[in-house]
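K.L.:
The structure's right below; bear with me while I get my questions together.
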């Protein structure tokens, strides 16, 4: 089991690096250069490959092996970082945008392959909880490394050295994956063999509507689709805009790089880790009910700071506390969410499991991406206070949706199956 966790955690770590660069480093850089919140929000379009990944997920399911896809994409990320090292963001902003788009494209394909491997490797509720903990913690650790750590030292190390470091990181991981014994597991390799043996699978690949019908027919999928599209809306708006509010109110980019990019994300990793441990002891429905209510309360606290925030050490500490609590609960919720998605995917036929999981993960990204792109415009039009009231309302609505599902919907099914007999 430890080999599986190290393997998955390392791959999700390097997968989180492009997200950290774009979500933490780029917005602070652009805001410091005087760009509007609306324009900063539209940089989220660089995440677009994540929305499209469900279109090529069937190819990853049926062509080649997981090892080849992973080595190829991670090696491509190394080459992309090497080319980025030759660019100066001040003079080649479109070139930088292009490299980030390429990194997101490669990372999205890598995500399909590693998700497919994870679905085959992880068995039982205990392994699912720990495996999804490794997924979320690894991804967020990569995000912290790129968006917090590198933001804090970029003034000293420089842009080129930063991307040279990332080149060596990706190259090392590619070599590790090439020789990883965990990919010799017959469960992972069997998915490819099953796809070629079962009659009609090739025909389905040529008829996408049959694949879509199969995806939506998996038990629990309709509820999960609605959930992953909406569960992060209010939180994502607050997480995206609150650091920029602080940047406009007496907090420097370096301070934000440390407090939001490192400390708060550290709390997020702790929350994700705790989620994996709690899943081994408690039902997912009971956990989600409580955590979603706590998240709504934390957003009430953060929203109240918008009206009283002053340039004093006490208020700055309160702002950091609100970000840390929000990231902690967000990390916990993310682990619970990805476990719910994997539970749902394991009900599907093996030949479409990677596609099914990628379908859910794509919708999860689409929900967050769409709202993140629009959140800046909402703030520019209505101001921070009205916008955060809107974010709070969305968060409360999601909590109600989850609470209802634990008694009458998909989450109730999970609880009944997890009760000891």
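All residue numbers here begin at 1 and follow the chain in the order shown.
Glycine residues also receive a Cβ, built from the backbone N, Cα and C atoms like all the rest.
Unlike curated entries, TrEMBL annotations are predicted automatically.
What you are looking at is a predicted structure, and each value in this text was computed from that prediction instead of being measured.
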K.L.:
TrEMBL tags one of 69-88, 89-108 as transmembrane segment - which one?
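P.N.:
Matching range for transmembrane segment: 69-88.
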K.L.:
TrEMBL lists transmembrane segment for one of the ranges 8-28, 113-133, 134-154; which is that range?
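P.N.:
From TrEMBL, the annotated transmembrane segment range turns out to be 134-154.
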K.L.:
With pairs fewer than 6 apart in sequence excluded, do the transmembrane segment (40-57) and the transmembrane segment (315-338) have three or more C-beta pairs that lie under 8 Å?
P.N.:
no
